[in-house]
Structure formats: C-alpha cells, structure tokens
C-alpha cells in the first residue's frame with residue numbers, strides 16, 4: 001500500500017515537496033451526479049426559467065472553482081491550469097432524473113490535477129443546487145468521484161465504476 | 001411549485017434582493033458521506049499516519065470553506081456566520097466503511113445558510129479525499145444533501161432521508 | 001468643497017471610521033459603455049457563438065465582482081450586499097454599436113455601495129471584452145460612471161449626464 | 001474573422017486549452033483615462049490631501065489587481081506575472097483635466113496578459129475614484145483600452161487610437 | 001483560568017457560536033516593532049527611495065490585511081470592520097532604529113477585533129520588510145502584541161508592557 | 001549598499017520585472033518565536049484542550065498562508081510553491097516558555113520565497129495566538145526573522161543570530 005504522503009514526521013500535514021518530480025502533461029476528469037425530481041426537471045425543460053440555464057452558471061462557477069482549488073484544499077499546490085471544460089447531460093432514473101456533470105482539467109506540471117477536477121465538479125453541482133433550490137431543497141448530490149487521470153509518476157488511473 | 005428566484009426577467013441570474021426580508025436566527029445542517037475501502041480505514045485507524053488525523057484537516061478546511069461560500073457560489077449573499085462546527089463518524093458498510101460528515105452553520109440574517117452548510121460539508125469531504133488519496137484514489141463522495149434548516153420565511157425543513 | 005475623507009493626519013490612506021454613522025437603506029447604479037464594431041455585433045447576433053451569450057458570463061462575473069469590491073479597492077469597507085442585478089442593451093452608434101451595461105447594488109448599512117456598483121459594471125465590461133477579444137481586440141470601454149445613488153447622509157445623487 | 005475561442009460546442013464558456021501553445025515572452029499595455037473637474041485637480045495639486053497621493057494608492061491597488069485577474073475574469077488562466085508597473089500623468093482638457101493611467105504587465109507563458117493589463121488599469125482608475133469621491137462623485141472613467149501587446153501566436157497589436 | 005473556547009468536544013477546532021452574544025462597540029490596538037540597521041534608516045530618510053515611502057505601502061497592505069483576517073486565521077468570524085488606521089514612528093535603539101507600527105481597528109459586533117488588529121500590524125511589518133529587503137535582509141520583526149482592546153463581555157484589556 | 005528595487009522612477013512601488021532572471025532552485029526558512037506563560041503552557045500540555053493541538057491548526061493556517069503571500073504582500077510575485085513544512089518546539093525561558101516556529105518553503109523560479117516563509121511563520125504564530133487567546137491575551141510574538149535562504153543571484157544568506 002502507498003504511504004500517506006501528506007503527513008510529516010510529527011504527524012502534521014505538509015504541502016508535499018514536489019521539487020524533484022518531473023514536469024509532465026496531466027489531465028483529470030471528475031464526475032458529480034445530482035438526483036432531481038421530475039418536477040424540477042420539467043420546470044427546467046419547460047422554460048419556467050425562461051432563457052435561463054442553470055448549467056451555464058454551474059459551468060462558470062466550476063471553472064472559477066477549479067482555479068481556486070489550492071485556496072480551498074489546504075495541502076494542494078498552486079497549479080497553472082491550462083484548460084478546463086465541462087459536459088452535462090440528464091438521464092432518467094427510477095424516481096426522477098440524474099444530472100451527470102463531468103469536469104476536465106489539464107496542466108503541465110509536477111503534480112496532478114485530480115483535486116482540481118473533483119473541486120470543479122463539486123462546485124458545479126453545488127451551484128446547480130443553489131440555482132434550483134427555490135423549487136426543490138431535496139436534491140441530492142448523489143456521487144462524486146475521479147473518473148480518470150493521466151500523466152505523472154503513478155501513471156494513468158481509470159475508476160472501476162466506468163471500466 | 002415555488003418559482004426560480006435566482007433569475008431576472010431577462011433570464012440571467014441575479015443576486016436576489018433580500019432587503020425587505022426579516023432578520024431571523026437561522027441554522028442549517030448538511031451531510032456528506034464518503035465511501036472508503038477496508039484498507040484505507042485500517043490504515044487510518046492503525047496509525048499509518050501516526051498522530052495525524054485527516055478529520056482535523058477536513059474540519060479546518062470545511063470551516064474556512066463555509067466562510068468562502070459567497071466567493072465560491074456565484075449568487076450567494078455574503079453572510080456574517082456566527083458559528084460553524086462538524087461531527088464525523090465511521091460506519092461499516094458491506095464493502096468497506098462510510099465516513100459520515102455533518103456540518104452545522106449558524107447566522108442571524110435575512111437569508112439562510114443552507115449553501116454554507118452544503119459547501120462546508122463538500123469541502124471537508126474533498127479535503128479528506130486529498131489527505132488520503134495517496135493510499136486510495138477510488139474513494140467516492142457518495143452523497144451530499146441538506147439535512148435540516150431552521151429560520152426564515154419558508155420555515156423549517158428536514159430531509160425525508162432522515163425523518 | 002468636501003474634504004478628502006480617505007486620508008489621515010499623516011497623509012496616509014485610512015479606512016474611514018463609520019462607527020458613528022446611521023444605518024440606512026442604500027442603492028447605487030453604475031453604467032459602463034463598451035464600443036464594438038459592426039462585425040463583432042453581427043457575430044454575436046448571428047449565432048457565431050451558438051447558444052452562448054457573452055452577457056450571461058458578464059453578468060455572473062459582475063455579481064461576483066460586486067462581492068469582491070472590498071478586496072479589490074483598498075479603502076472600501078466590507079459590506080453585506082443585499083441584492084445585485086444588471087441590465088444590458090445594445091445601441092447603434094455612428095461607427096458600430098454601444099453595449100450599455102447598468103449594475104444596481106443594494107445594501108442596508110453605514111456606508112454606500114457606489115464603489116460596488118462601479119466595480120460590478122467595470123468587471124462586467126472587462127469580462128465582455130475577454131469573451132469577445134478573439135474576434136476584436138480594439139473594443140473600447142468607452143465610459144464608466146455613477147448614474148445614481150440613494151441613502152446616506154450626503155443624500156441622493158444623480159449624474160448630470162442622465163438628468 | 002477569428003472565431004470565438006471561449007465557447008465550447010455546447011455554447012457554454014470554457015477556459016481555453018492552451019497546453020499545445022508555445023511559451024513566449026509577452027507584454028501588454030492598457031490605458032484608462034479619468035476625467036476630473038478643475039476643482040478636484042486643484043485640490044490634489046494644492047495639498048488638500050497633504051502628503052497623500054491618490055496615485056500611490058491607485059498604483060498599489062492596480063498591481064494587486066493585476067495579480068487577481070484570473071480570480072476576477074472567469075475564463076482567464078492563472079498566470080505567473082513577472083513584472084507590473086504604471087505611469088500616470090494629467091492633461092488639461094476643455095472642461096477640466098484628464099488623468100492618463102497606463103499599466104504595463106509582463107509574463108513568460110502560453111497565453112497573453114492583455115486582460116491583466118486592462119484589469120490593472122481599470123482597478124487603478126476605480127481606486128483613484130474611491131480616494132477622491134468625497135470631493136467629486138461626477139468623475140468619469142472616460143476610456144479604457146488595450147494600447148499594445150507583444151508575443152504569442154497572434155503577433156503584435158497596437159491600437160489604432162495611438163498609431 | 002478561562003477555558004479554551006476554540007475546541008469542540010471531539011478536540012477539533014470550531015468557529016465558536018457567538019449567536020447569543022451582545023452586539024457592542026469594539027476596538028483593538030496592536031503593535032509590531034521592526035528593528036532595522038542605521039544604514040537602512042539613513043537610506044529611507046535620505047531619499048534613496050526618492051518620493052517613495054515604505055510606510056505608505058505598509059499602511060495600505062495592513063488595511064487590506066485587516067479585511068482578510070477571517071480568510072487568513074481559520075477560526076476567526078467574518079466581521080464588518082468599521083474603521084482601520086495606523087500610526088508609525090521611528091525610535092533610536094542601541095544598534096540602530098526601531099519602527100513602531102500601531103494598528104487600530106473598530107467594529108460593532110458580537111466578537112472582538114483583536115485578531116484583526118494583530119493581523120493588520122503583522123502584515124504592515126511584513127510589507128515594510130518586503131519593500132526594504134533589497135537593502136537589508138537582517139531586519140527583525142522584534143515584537144508583536146495586543147496593546148489594548150475595549151468592548152465585549154470579557155471587558156477592557158491593556159497589555160502590562162504599556163501600563 | 002544595494003538599491004531599493006521595489007520603486008520605479010516616479011517613486012511609486014512596482015512589481016519588479018524578473019523576466020530576465022534565471023530559474024533556480026530556491027528555499028527559505030523563517031522563524032517566529034511566541035512567548036507564553038507557564039499557565040498556558042501547562043494548560044496545553046495537561047490536556048485542557050483534550051485531543052486538540054493548537055500547532056495542528058497553526059501549521060495548516062501557515063501552509064495556506066504561504067500560498068496567499070502574493071495576495072497579502074502587495075509587491076510579491078505569484079509563485080508556484082513546491083513544498084511547505086513546519087517544525088515547532090517549546091523552550092523554557094525565565095518567565096515562561098517560548099514556542100519556536102520554523103517554516104520552510106521551496107520553489108523553482110525566478111524570484112525567492114523569503115516573503116512566503118516569513119508570511120507562513122507569522123500566520124502560524126497569529127493562529128496559535130488565536131487558538132489560545134481565550135486563556136491568555138498577553139502572549140507576545142517575540143521575534144520573526146529570515147533564518148536562511150538559498151538560490152538566486154544574490155546567493156545564500158544565513159541570519160547572524162543563528163550563525
């Protein structure tokens with residue numbers, strides 16, 4: 001098993017020393033799924049918010065959030081992100097609908113962007129909740145996980161859920 | 001059904017005008033659940049991180065995160081929080097363990113702290129992931145939702161999942 | 001003439017002591033005008049950006065910007081904003097088009113929100129520029145000023161340009 | 001005409017992928033012009049603010065603002081700025097004076113610093129307004145534009161206004 | 001002895017619940033002392049930095065820093081500051097000079113501004129160091145402490161060093 | 001004597017142009033010393049804060065603070081830090097105890113991390129104060145200075161206090 005790299009010898013958290021690591025191209029994709037009611041889904045689709053699109057706000061908040069990751073997650077290194085984008089789609093589930101949010105983040109650096117992608121997806125999901133909570137406070141952010149990452153010494157990773 | 005209050009007549013998002021609302025005491029509790037493997041649970045419990053405690057870092061990040069909510073979620077009002085605390089506990093599930101994170105936020109103001117509690121819980125979960133991801137990148141933030149809120153014109157709310 | 005209130009006796013800038021001032025309802029409206037070419041106007045209107053709407057991004061950035069004012073303008077007091085919204089419209093001018101951006105900000109407090117409205121309008125204008133600069137770098141943010149403010153000891157103000 | 005690079009295929013804004021772009025030396029110069037009354041100009045020059053100098057505060061705010069650009073403008077990449085400086089001078093116009101503010105920003109990177117220079121100049125202008133608004137709320141930020149940029153694939157640019 | 005109020009029953013830090021506390025007028029004064037060499041003192045006084053004044057930058061940074069306190073100190077409550085100012089003076093000591101920095105912060109609220117004053121003074125001292133470190137890296141920030149505070153349930157406090 | 005590099009020809013502060021400087025490996029170590037009473041020392045050691053450890057919060061705040069340096073100190077360049085860690089130990093002095101805090105910061109870049117180390121140490125000291133001030137408001141942050149730096153054109157530096 002890998003060791004916990006975020007702790008120093010005193011048992012206190014450190015920002016890991018990455019000065020000896022190689023610069024490589026890195027990408028990470030993270031996904032959040034938000035479960036919503038049929039009523040909310042219909043309200044969004046049938047124009048109760050007119051031209052408005054909660055996904056537009058969610059995407060912008062998520063991109064800003066990706067840039068804030070090292071300010072939000074204490075041990076994250078500041079990283080010069082080189083691209084961030086999102087996809088969104090709705091899927092019918094038994095009791096309502098799932099909104100599937102995927103965030104993709106790229107950088108060229110000495111450490112990966114997994115936390116940036118997870119933070120971006122989470123903030124997009126929270127923002128979607130905020131834009132729609134006047135209609136339904138019961139929404140559940142049902143699942144957030146790292147879908148895939150490439151680059152870096154530990155190599156590529158694909159989550160078993162999507163293999 | 002309630003209307004979407006976050007959109008103006010042009011269909012663009014606004015920060016809602018709350019100047020006519022009453023100041024009331026408000027609380028909100030939000031929960032995130034993180035599913036982890038037996039191996040990670042054992043590593044944490046058996047001292048592979050010595051004195052270190054990922055929950056300590058998660059709590060601090062979550063409290064800082066609650067204060068950043070209006071900077072992270074575009075349409076949230078700035079709010080003078082009057083208290084933020086967390087509880088954490090582990091539960092055995094079929095394949096591993098669940099870490100249950102609950103964030104409680106209080107304020108006295110014209111708008112609620114639901115987004116602050118949800119943001120605090122999400123950031124605590126993301127930080128826990130960050131502190132432990134060197135051991136296991138497959139962790140899933142399995143569920144985030146608003147447990148309860150009190151105060152405000154729309155009255156009290158308890159999520160059906162915990163009734 | 002009023003005195004410069006932002007300077008202490010040493011000639012260094014201070015955050016003015018407002019502790020003795022009354023809490024009143026305050027609003028401020030600020031306007032930015034962006035001059036763009038016919039080509040850019042046509043590109044926006046004829047769907048070269050498909051569903052995309054630079055004003056959507058500009059409005060969101062402007063609202064976030066209003067909240068950041070006391071972090072951006074050194075001597076501004078932190079203020080709990082109670083509402084922020086925008087209007088946008090295009091007007092034909094001799095050589096092209098003008099985009100008229102108006103930001104309205106409200107609070108209930110001991111100091112006004114003029115700087116918040118001016119900052120919100122400026123950031124919306126800068127964001128519009130950023131979203132469209134791949135098409136035209138020559139855009140000019142042609143004019144930014146305080147349209148109106150209400151509340152506070154100094155009373156109401158309307159700019160002579162719009163009387 | 002160039003395409004709008006800030007929009008993805010869904011018509012939502014993205015942080016453009018610059019990972020394949022070359023690192024080059026880049027500079028940008030932006031200008032803001034603030035129109036002020038004779039009374040305000042005389043008050044500044046005749047020592048009504050004693051040792052105080054609104055340009056000193058404006059310059060510091062502008063430099064801090066340049067560093068905040070990627071936090072203020074949603075789709076801007078975080079950039080490691082390598083130098084920021086300002087020039088200021090007053091010019092007599094028909095009815096009063098113009099303060100001419102020029103911000104110069106440098107970096108070595110995969111994307112340009114046009115938005116950093118424009119943001120720096122705008123924040124310097126807003127700060128000057130804030131420092132002097134107790135004397136005159138009618139000041140107009142009369143014009144903000146990109147004067148020049150060098151470096152990058154799209155080559156050098158000089159605004160036609162100053163050719 | 002007073003209890004440690006910043007820890008919850010689990011031994012983890014909390015943002016203390018102040019919702020039941022009274023709103024009172026509060027002030028705090030904190031002091032930092034920076035020890036500098038004769039050479040640096042002479043360079044500052046004899047105009048090696050021409051019109052430049054490191055205290056001007058230090059004061060601005062300190063005021064901005066006071067506003068950032070709840071973002072910098074994890075358990076601090078966000079507070080709407082109502083005034084912040086500084087005094088600076090130099091005193092000859094045996095080997096060189098001491099720069100005495102005093103920050104005064106005011107608010108009307110449920111918790112005090114001691115941390116805001118201490119943070120403001122510390123950031124002013126660090127900024128002074130930064131502005132002068134090209135001349136002398138050996139400067140020592142020799143002492144930072146809370147001089148006085150008024151307001152709040154625990155009453156007034158004056159540090160024994162200045163009684 | 002070195003010149004003051006932070007001032008432009010107008011006597012106003014600039015962010016120094018480092019575009020021509022070499023990228024080198026750089027480290028800096030800074031120290032803060034906090035003087036505390038016997039009573040506070042005993043309270044910490046004898047478990048009045050149960051499992052809680054003020055040093056844990058101080059370390060996390062200090063690491064976050066290191067990342068915020070260019071946002072806090074006006075003329076500092078944004079730097080991609082590559083590692084930050086702390087050591088803490090208590091020493092008996094005549095009247096009580098000294099807590100010795102050392103922060104180490106690393107980067108690979110065109111400018112040094114002295115300010116990042118000094119800021120990290122100062123914020124850790126301020127956070128320690130905040131966590132313990134309910135017990136004792138008289139604590140003094142007794143001394144903060146740059147212990148050592150390596151890398152960069154000006155070469156290595158070790159403070160005479162620790163030679």
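Note: Cβ is positioned from N, Cα and C throughout, glycine not excepted.
The annotation active site is assigned in TrEMBL to D:130. The substrate binding site annotation in TrEMBL covers D:75, D:76, D:77, D:115, D:116. As annotated by TrEMBL, domain 'Molybdopterin cofactor biosynthesis C (MoaC)' applies to D:15-152.
Known features from TrEMBL, placed on the structure.
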residue : record                 : Cβ within 10 Å
D:75    : substrate binding site : 23
D:76    : substrate binding site : 24
D:77    : substrate binding site : 21
D:115   : substrate binding site : 27
D:116   : substrate binding site : 27
D:130   : active site            : 25
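As a summary of secondary structure, the domain 'Molybdopterin cofactor biosynthesis C (MoaC)' (D:15-152) carries 46 helix, 50 strand, 42 coil according to DSSP. Rounded to a whole value, the Cα-Cα separation of residue D:130 (active site) and residue D:116 (substrate binding site) is 21 Å.
On the 0 to 100 pLDDT scale, the model's mean across the domain 'Molybdopterin cofactor biosynthesis C (MoaC)' (D:15-152) is 94. Chain C lies within reach of D:75, D:76, D:115, taking the binding-site residues D:75, D:76, D:77, D:115, D:116 and requiring a CB-CB distance under 8 A.
For the substrate site, whose annotated binding residues are D:75, D:76, D:77, D:115, D:116, the maximal Cα to Cα separation is 12 Å. Chain A comes close to D:75, D:77, taken from the recorded positions D:75, D:77, D:115, D:116, D:130 by a C-beta to C-beta distance under 8 angstroms. Those recorded positions from D:75, D:77, D:115, D:116, D:130 lying by chain E, with Cβ under 8 Å from one of its Cβ atoms: none.
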